[in-house]
Amino acid sequence: MSKVQRNPDWIIIGTILMLLSIGVLMVYSASAAFAAHKYGDPFYFAKRQFLFAALGVFFMLLVAQMNQTRFQQLAKPGLFICIALLIIVLIPGVGILRNGARSWLGIGAFSIQPSEFMKLALILYFSHLFIQPRFQLTSFRQGLLPSLAILGSVFALIMMQPDLGSGTVLVGTGMILILIAGARKKHLIELSFVGIAGFVGLVLAAPYRIARITAFIDPWKDPLGAGYQLIQSLYAMGPGGLMGLGYGMSRQKHLYLPEPHTDFIFSIIAEELGFLGAGTVILLFAILIWRGYRVAMMTTNTYHRFVAAGITSMLMIQSVINIGVVSGAFPVTGITLPFLSYGGSSLTLTLVAVGVLLNLSRIKR
Amino acid sequence: MGAIAALVKQRLFIVFVVAMLVFLALLGRLGYVQLIQGKWLSGKAEELWARNIPFEAKRGEILDRNGNKLAYNVSAPSVMVIPAQIKEPAKAAKRLAAILHASETKIYREMTKKQLIVRLNPEGRKISEATARQIQAMKTPGIVITEDSKRYHPDKLLAAHLLGFTGIDNQGLAGLELIYDQQLRGQRGAISFSSNARGERLPGGVEHYIPPRDGAHLQLTIDRTVQMILERELDQAMAAHHPENVLAIAMKPQTGEILGMASRPAFNPDQYRHVKPEIYNRNLPIWKTYEPGSTFKIITLSAALEEKKVSFKEGFFDPGFATVGGAHLRCWKKGGHGSQTFLQVVENSCNPGFVALGQRLGKQKLFSYIYRFGFGEKTSIDLNGEAKGILFRPDRVGPVELATTAFGQGVSVTPIQQVAAVSAAVNGGKLYRPFVAKAWLDPKDNHIISQKKPIFVRRVISEETSRQVRIALESVVAQGTGRKAFVDGYRVGGKTGTAQKVGPDGRYMTDNHIVSFIGIAPADHPEVVVYVAVDNPQGIQFGGVVAAPIVGNMIDDILRYLGVPKRTHQIEPKKDPLEPELVKVPNLIGQTPDEIQNSLSLFGLEVKGQGKKVINQVPKGGQRLKKGSTIRIYLG
């Protein structure tokens with residue numbers, strides 16, 4: 001096999017840069033009122049978003065130039081470090097409690113979410129695991145069960161924070177990798193039943209999740225409680241119409257939609273830029289996903305194929321769930337929209353993941 | 001390995017296709033929300049953003065027929081709370097509750113409401129200036145004093161039952177305030193703007209001002225002076241006779257315009273809360289139903305005259321009773337009136353005479369006239385709470401019922417029905433619907449927006465019959481039972497009424513009567529019909545003694561106030577040994593006091609001022625006074 005260096009996928013880079021630009025502009029528009037109200041500086045979030053985006057792009061390009069053998073070497077230690085971090089974050093006093101979940105490590109602005117790192121670590125580790133000669137995914141005992149055990153344990157750790165959003169993305173990405181890597185159809189069908197049962201169990205375990213489900217079916221039943229966020233999001237998207245109210249003209253960002261620059265940034269995009277603007281964002285994500293899976297198809301190295309597919313699937317699941325939630329297609333879960341939501345360290349990390357994808361796009365037969 | 005690689009690529013492709021379909025579905029969902037549900041969601045969102053600052057319209061004033069204000073608005077401060085601005089609600093609630101004498105927990109609850117503006121009902125509404133100053137002195141942000149207005153009645157109790165009253169939000173609750181609430185209230189305006197979740201103005205939001213439309217002024221047919229005359233006389237009657245209640249109506253017979261309507265006990269509309277509901281809810285002149293007694297004989301007389309069943313000169317002998325269907329119906333006068341003409345039958349209010357008239361008319365005719373005069377149905381006056389009264393059912397009327405109905409027993413009517421019916425009997429035979437609201441005036445320039453015309457209901461008797469009725473009524477006052485209503489020169493006509501009340505057991509009560517008098521004046525062209533009923537007066541219970549003089553006083557003052565000239569021709573009053581004669585006052589102006597002392601023997605004299613000659617006198621020469629009255633002269 002001869003490896004020929006070539007240029008990375010420029011379409012991916014272009015798409016990412018467009019999404020990042022829209023992101024910085026929209027974070028400013030969405031957060032200006034809230035930032036001025038809370039920090040006395042309308043640019044508070046926009047400045048930070050710009051810095052993290054620039055830092056992220058720098059790391060992305062750096063990773064894109066890296067020696068590819070490094071990725072596989074990182075797989076095992078990465079997983080162990082991340083599991084350790086996930087345990088540490090649960091210790092009261094060490095992990096930082098925000099919005100009822102102990103998900104953060106670090107001090108002030110320089111804090112990270114171990115679950116974000118875990119996603120990437122899991123992709124690298126699963127891809128490494130699935131190409132081991134002794135590992136047979138078609139076998140229940142010697143393939144499927146161990147991988148499900150790892151996925152389940154990591155998910156359980158994340159759910160102890162609790163962070164259903166990250167947990168869902170993690171499990172979804174892991175399952176797609178298991179699917180792609182060749183698990184048996186019979187096993188997959190059986191698994192999907194177990195998955196549905198598990199989902200129902202999780203929902204029944206926490207009353208607030210039931211409320212979110214019923215609020216999703218009819219948000220106006222409890223407009224000030226469980227249905228509040230969805231209604232406020234719809235009140236942003238509806239008036240946006242085809243053309244939108246114009247940049248900066250959102251009304252819902254004025255303290256109606258809680259923290260409009262994070263999870264609900266897409267609602268503000270739909271309100272200010274209309275169906276055309278929001279549709280463009282969906283299109284950009286579709287292009288990115290298309291190019292991501294294309295990288296996975298084109299590469300010859302199975303390990304690289306799994307890594308590219310995993311990263312792409314992660315981005316896909318995260319963007320689909322976020323857009324689905326804010327437009328009322330799924331029940332509300334706290335998931336940020338990649339590249340667009342104000343995110344700090346998680347934005348940088350996502351860009352690092354894209355850097356890996358870009359790196360893999362450079363390999364040709 | 002090759003087979004596996006192919007499977008991986010195949011699975012990868014499936015995932016890719018599914019992912020694209022999901023994105024397509026999301027695009028569809030986005031389009032559905034933004035393009036199809038967009039309008040509906042926008043409407044709901046506008047509601048969320050919209051904040052209305054209401055601008056109250058001014059409530060229209062209520063004026064009498066000459067433009068005197070009977071009810072208008074005065075400013076009254078109110079407390080308004082803006083919960084978002086209150087820093088320490090517990091502390092603020094405690095202090096405010098103490099000033100307003102209100103419950104602290106209630107104030108706290110109101111203060112912490114998630115609402116833009118909270119009004120503190122009722123303790124914080126329409127408070128005194130002093131209380132308002134105390135609250136302002138608190139200087140608590142979020143507690144503000146705002147301009148509000150309340151209804152004010154300059155004449156206190158005057159026309160209270162007619163006017164009614166308004167509630168805390170200046171909404172009509174009773175009387176004309178309630179009936180014409182829509183027009184009086186006007187339309188509230190508002191400044192409407194979009195706001196953020198903290199109630200602050202939203203950039204780029206919609207903003208518009210809807211100006212309030214002030215309520216129109218309501219001009220009544222009521223004359224403030226006439227109303228005052230009625231109420232003054234009613235107060236005196238209450239003091240003199242201690243009845244359960246009294247009522248009076250004055251109406252223009254030619255149009256149905258009510259000039260005055262009053263009853264006692266009354267109330268001050270500004271303080272209606274301190275009065276029992278049955279006092280302010282019952283407008284007695286239209287609510288009360290009772291046997292009219294002899295005043296009803298006017299209807300029987302009108303019918304008999306119209307049907308030519310009787311002439312005034314025709315003779316009638318009253319033995320003191322009439323036997324009808326085996327029953328003995330007694331005349332009010334023991335032993336009867338003996339031999340008399342039918343005019344005297346009317347003057348004497350002789351029951352057997354009216355039984356005869358009823359019999360001559362027959363059941364069919366008499367009842368048809370009673371219905372045509374408007375009894376048995378509401379007059380439809382523009383007031384609330386009017387009663388209908390009860391008549392015998394036609395199929396239940398036997399000879400006894402016919403006979404009693406003819407002299408006003410066994411039927412139940414309202415005062416307003418009697419006034420409307422008697423007006424028709426004396427105004428030339430035309431029944432009009434009584435009314436109180438005369439016109440609507442533009443609150444800006446007092447121009448008439450709309451005016452109510454008299455409502456002619458039907459003709460009941462001919463002009464000629466009506467003229468005869470007037471003659472009969474005048475002679476009742478001049479010669480008969482209505483003597484105490486006589487006013488010299490005003491040609492008062494009328495009819496007394498004394499009716500037994502029906503007790504709760506359905507039987508007549510003893511020594512408990514409603515005594516009444518209905519008067520018209522002047523008899524040649526009636527300007528006013530006045531009705532007074534006194535319920536259970538202490539002492540003598542006879543309409544001619546209790547009610548007739550009240551009506552006489554009212555008519556005297558009303559006609560004098562209206563400037564109706566005194567007539568020179570009238571039916572002269574019958575000489576009564578107990579009543580002093582009426583004597584013409586000589587003209588004394590220009591004479592010296594000495595000259596007068598010699599010539600004036602029939603009157604007393606009161607001298608005012610210094611001087612040689614009389615320059616003025618009260619009353620003027622040519623008027624008539626009771627013998628022995630005093631004339632006042634002014635010297636100069």
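Even glycines carry a Cβ here, placed using N, Cα and C.
Any TrEMBL annotation is an automated prediction that lacks curation.
Positions annotated as transmembrane segment by TrEMBL: A:12-37, A:49-66, A:78-97, A:103-131, A:143-160, A:166-184, A:191-210, A:264-290, A:302-327, A:339-360.
Here the transmembrane segment (A:166-184) has Cβ contacts under 8 Å with residues 103, 113, 115-116, 118-119, 122-123, 126-127, 130, 137-138, 143-144, 147-148, 151, 154-155, 158-159, 191, 195, 306, 309-310, 313-314, 317-318, 321, 333, 335 of the same chain, all six or more residues outside its ends. In terms of C-beta pairs under 8 Å, the stretch of A:12-37, A:103-131, A:143-160, A:191-210, A:339-360 lying closest in packing to the transmembrane segment (A:78-97) is A:103-131. Remote same-chain residues near the transmembrane segment (A:103-131) are listed as 48, 71-72, 74-76, 78-79, 81-83, 85-86, 88-89, 94-96, 137, 147, 150-151, 154, 158, 161, 163, 166-167, 169-170, 173-174, 177-178, 181, 302-303, 306-307, 310-311, 314, 344-346, 349-350, 352-353, 356 (criterion: CB distance under 8 Å, separation of at least six residues from the stretch ends). Counting Cβ pairs closer than 8 Å and at least 6 residues apart in sequence, the transmembrane segment (A:12-37) and the transmembrane segment (A:339-360) reach three or more and so form a contact. Taking every listed stretch (A:49-66, A:264-290, A:302-327) in turn, the largest tally of C-beta pairs under 8 A with the transmembrane segment (A:339-360) is reached by A:49-66.
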